[in-house]
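The feature transmembrane segment is assigned by Swiss-Prot to 155-175, 209-229, 528-548, 583-603, 619-639, 671-691, 695-715, with sequence analysis given as support.
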Amino acid sequence: MNKSTSSLDYIEKLPLPAEQAEVLREKLPQAAWNDQAVLHQALSEGSPSEEHQVNVQSEDDATLQSVQARLEMAWAEGLDNGKQLGTDREGRTALKAMPVITRASMFPDVWRTNPLVRWWESLLGRTVPPRPHYSPEEKISENRWRLVGTIRRYILLVLTLFQTAIATWYMKTILPYQGWALIDPFEMAGQPWTRSLMQLLPYVLQSGILVLFAVLFCWVSAGFWTALMGFLQLLIGRDKYSISSTTVGNEPLNPEHRTALIMPICNEDVERVFAGLRATYESVEATGNLEHFDIYVLSDSNDPDICVAEQKAWMELCRDVGGTGRIFYRRRRRRVKRKSGNIDDFCRRWGNQYSYMVILDADSVMSGECLTSLVRLMEANPNAGIIQSSPKASGMDTLYARCQQFATRVYGPLFTAGLHFWQLGESHYWGHNAIIRVKPFIEHCALAPLPGEGSFAGAILSHDFVEAALMRRAGWGVWIAYDLPGSYEELPPNLLDELKRDRRWCHGNLMNFRLFLVKGMHPVHRAVFLTGVMSYLSAPLWFMFLMLSTALQVVHTLMEPQYFLQPRQLFPVWPQWRPELAIALFSTTLVLLFLPKLLSVILVWAKGAKEYGGALRVFISLLLEMLFSVLLAPVRMLFHTVFVVSAFLGWSVQWNSPQRDDDATPWSEAFVRHGSQLILGLVWAIGMAWLDLRFLWWLAPIVFSLILSPFVSVYSSRASLGLGCKRAKLLMIPEEFNPPRELVATDEYCRLNHQRRLDNGFMQAVFDPSINALASAMATARHRFSQAIEDVREKNVRDALNRKPEEVSNNQRLVLLSDPVTISRLHYHVWQKPETYAAWVESYQKLPAPHIKS
């Protein structure tokens, strides 16, 4: 970049054919070769933007005049003949990235979690009456399935408690110390405390073991009966109460009911996000129902490089598919309440323009048939507030992800169908790949922060369960369309990435349990809050169970048994060991844990195993996945225990992973994360081997899994092993045998997007003419003229230019990007005075040129 010919260098950066670039050079007088103001005036001549003169405050704002011209050079096809362009009140070019706002009121009710306060308010007549919305016919239909659901859930409760009671009784007979009834606390009060401790300690440990066993077995039993009923449901193939059976699947969509596909994102893989979005858009277009749908990308990204990359990817998507005016993009400057706040902001601004909205995750892909089916289900079921599809996991290559894909694809349908069997229209909502009726969502599903202070107060983290509970509290159904195909997602590529996600989910589920006693919640959703907590609380309970069992073994081995527990006891109380009962109970527990997996494979065999690699390979894959789950279960147990304890103590668990180019876990990170588990496993194994080698065999699956945890974590994160399994047709899923066109398109567009990806987005927005024009046109801080604002702008620009680029913080970069004036002034200064800002120029010249033309 030469000071004396900066304008000529600038023209070289414009995406112009050689002939047009030459015409522009000849148009400039030689005296203006180093004058950016003259150049941008020349660029803007003849542009329609001349009708709206930019309110230029100084020569520094010269680049604002040519924003429209530069946009038309780079993305003319995506501007819909200029219809996508507009101006703000100061005449500055602005892209119409979002439709006109039509505001709706959305405010939350205050949480009343204290039942005594609610009782007192009801005495004072302050209760809020229910808000009915059903016709008499609809009420009859709902009462029918609600009665069936209630009966089914009572059956589940009886089965679970009965099974738990029998297992707990067996466990009681297995434990060695059986003299609890002979202990007399009054007698113990008169003897030395050490003797009392020696007598009581084994029985206290046994009591703790028994209580924990009952809780954990009940949890396992509930999962077993859920999977069993799902197996029967899928095997029969008929479900009278399936919501999918309420339409024939080819009804025309009501043109009065429009649907918004909204994708909240935050610092995601930009190339993958927009590849999946394009595949989904084109699939909807192929159904012939595109006019019923709009797409919204709602960004909460706070990485300036990613923000600029998102803007470029959005513009390219609109250009490639002709989606101008139908695909919208918004980046929030004030990130309130995370994902739920992002969705709430959409509902307040544009929600009342739509009857339904489909929530997509950043990795979601949905077929047009699935989306139109969800809309038809909403129209056929006017009492439904949320209909959740059952997303299938696919698209990953690491060994860890392939094991998880296989598990969710083979076992997942049983549990999902089982959940539907027990819950019917009072079901789960998982926060994505689901359709929501917008009006009741706006009226009833705004989330107030949890009252109080501490780690369990403030904005709700896991919003999906709470929104489903509020929707049901308002009288609307929440359904799972478990048999609806065409819904896809991706899983974390390795164990550590999954655990990062689990840390957030753990905290969110623990917070949600504060709503267990909130007024009006349906009992099923209270149970959902409980199961959400148990998903993570079961880990510390299991760990405590193992610790107490180990402590009991230590006491049994090292302490002399107390045979006489009363002063005049005639016969001693002998510790006993009944191995036949222990083996029977252990076998029963294994059956509850692994029979659902075997039933899943039987179901695959019954319906055809070809898409899973064949009958034999499915069985081998089952054994591999079972081995893998056994190795990972103790590792997850310890991590989840740390997450739960940290949440209760208010500790902030920092998890900063090193940057890596692929999904593989480096050895250094593996030993940092799993080192304490390895040491615990070694100490535990050595201690038990010294104490009683027989007990070590019972603990072997636990301790050896901990010892091997770093190695399992590293090797399972490698794509080479996963691809080797794929070549051997192991851990196969139908989406690999016969890939849906949406997933094939996603992979294709992902490769295309990687070829034209934008790295170092902020620097490109400062220097590159096309990217700068895009950033300026999409900047949202569009203030009217004010001297105070001008002073702040000047200070921000000056502070940035007086530093090296790497010294400008992300927050400062975001402020500069958000204002069309500041980002344009940066662009002007670095091109007008390259020798003054040599540090910026040198940093930019090291970067590859951005890909503008497809």
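Backbone N, Cα and C define each Cβ position, glycine as well.
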Any chance the transmembrane segment (209-229) and the transmembrane segment (583-603) have 3 or more Cβ pairs under 8 A, given the pairs are 6 or more apart in sequence?
yes
Determine which recorded stretch among 155-175, 528-548, 583-603, 671-691, 695-715 has the most C-beta pairs below 8 angstroms with the transmembrane segment (619-639).
695-715
Ranked first among 155-175, 528-548, 671-691 for CB pairs under 8 angstroms with the transmembrane segment (583-603):
155-175
Surrounding residues of the transmembrane segment (671-691) on its own chain - C-beta under 8 Å, 6+ positions past either end:
496, 550, 553-554, 557-558, 634-635, 638, 699, 702-707, 709-710, 713
Can you tell me which parts of the same chain pack against the transmembrane segment (528-548), counting only residues 6+ beyond its ends and a CB-CB cutoff under 8 A?
205, 208-209, 212-213, 215-216, 219, 222, 428, 462, 465, 468-469, 502, 505-506, 509-510, 512-513, 515-516, 636-641, 643-645, 699, 702
